[in-house]
């Protein structure tokens, strides 16, 4: 449609420019793909005494784990350095350095790891936009600071020093200064950002056009009072904006805002309109990052700024706010999966308050704190009240877990919304509302059912959804054994990024049953997070385990619904569920040998889920059920040789053996003996460590299997036997 419109204009210049831009964009994207193929290492390789240049604002410290974006001094390649500090003094030494550093490292260089679950955040693609394709896992690290730096590096040094300076401000003012001025986040603002995300106001805390306009206005007024003439002021702003682009973190929204501001400043020379400035900023952004429009930040930044350019000034402010929310909604659903009914009201009321009061107050506090010591305290009190208000509003009912519509539906919603901007009518809004209703139904009432094995590391978690989402079940939640180590300082666990995120993308807000096979943390450790994010009707446990306080403490006081705890033994079956219990036979203690074993038919295939049951338990099941046959076996104990007894496998005659195991786990799972047993019995092993999330979907008599990975993405870190 766009090309037809361009051709119909019959403007030769427009057509030539369009063709040149199209060719240039194609060449740029092709070049990026070539960089990915040529720069990414194919196998893990060892490096010794390699020197990297590290900017102080590119270092992240989480307890003993230190990571940094760095540049190879010899080749200029950008990489991620990852290092576990040996002691607290080493962490303190690096955290106090605010100058450009040289890190001499020895370790293993390997590719960035892609997302392994459907709809999971992909850190590999995230770092591609910074032209980073590899990582170095450091074993030895030597840091040298006070390296002579140029202008760009001095800007990074200034950014790091400002971050440290702002950290001495009272909380939450410190977090606001760091985030709104420098574009840097910290752990203290995590709860507030979660509330902001729920209300759909995330763009307020991303440095963008509003922030740049206000900062340039402040600079302009200051230069006028310093008796600079208009022309000098404009040139000083043109020079200073690229510097702030570095100090502000160089985010996608900031790049767009700075380019548009530059275009406005030189508008008299170029004769560009504001819409031309928007187009130039898009071209400049794509030149820097071809992945620009595949991220939520890139889509929101350019969509909202485009909508502001084309929405008529005659439209009232509340209608303008409504249209802006509608423009952003398809992208929000594609990445966040949730929308709050208060989003429109909050946008209409809070954005003006934020831009006119909160943001200027934060800027003034940052600039004048030494001369007006009481003013930051007053602003800090205002911010506390503002955060309290956001927290209260986010807890109000109205959060809709919409789920992630298909790409086709997202495109339809997006195109119809853009058409409505030009033809704002009540009928148009009703038609768009009907499309969203259809999208909601397609997500929440799927015709198919599914059995999904989550790649949750060295743990177990299986999601079962029945056709039309009549019932949702979870077998184990996954978790992590700590071995005496305290967990890293983070608000989120791995389930939040994997199984919980996947369920949200499916529009799931309620889980009917969670089966907990036994009390080991690698199977039930993430129960707390699941109960905080979903309403759960009941927890099913092996009989005897319901009295153990060691796992009951995982049920949080702030869970959405207090679940019923139901103990079971072999022969029990829940109503409305396809699963029935094969083990344990009597009251038990919830150990590995007491694992709850489940079986059930889904579509045309019969599944069996073993927990961590040992060989003796398998033989007991075999003797009690001599005619038992299955199609898909979820292997016990992550493929350990303590499970998967050869006699047991021969009797069941499964066609597929699912193995849930972490990559490079300390136990060497799956064990070679187990894999040989499967091979001798013609059982195809499918492992989460090789294929990521494994999904079986069925509809009537038809079904298909799908895996997130092709199988070779992690070949560089898997044992050789697993690669065959």
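Residue numbers in this text run from 1 along the chain shown.
Cβ coordinates are placed from backbone N, Cα and C, and glycine is handled just like the others.
TrEMBL annotations:
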DOMAIN    180-420  domain 'ComEC/Rec2-related protein'
TRANSMEM  201-223  transmembrane segment
TRANSMEM  235-259  transmembrane segment
TRANSMEM  265-284  transmembrane segment
TRANSMEM  332-354  transmembrane segment
TRANSMEM  361-382  transmembrane segment
TRANSMEM  402-421  transmembrane segment
TRANSMEM  428-448  transmembrane segment
DOMAIN    457-662  domain 'Metallo-beta-lactamase'
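Tertiary proximity for the transmembrane segment (332-354) is limited to same-chain residues at least six positions away from its ends with a CB under 8 Å from its CB atoms, namely 197-201, 204, 296, 300, 317-318, 321-322, 324-325, 393-394, 396, 398-405, 410, 439, 504-505, 507. Within the chain, the transmembrane segment (201-223) has long-range Cβ neighbours (under 8 A, six or more residues past its boundaries) at 179-181, 183, 193, 232-233, 236-237, 240-241, 244, 248-249, 251, 253-254, 256-258, 260-261, 297, 300-301, 304-305, 328, 343, 346-347, 350-351, 354-355, 359-360, 363, 390. Taking Cβ pairs closer than 8 Å, the transmembrane segment (361-382) reaches residues 166, 169-173, 176-177, 180-181, 214-215, 218 in its own chain, all 6 or more past its ends. Along the domain 'Metallo-beta-lactamase' (457-662), the predicted structure has mean pLDDT 91.
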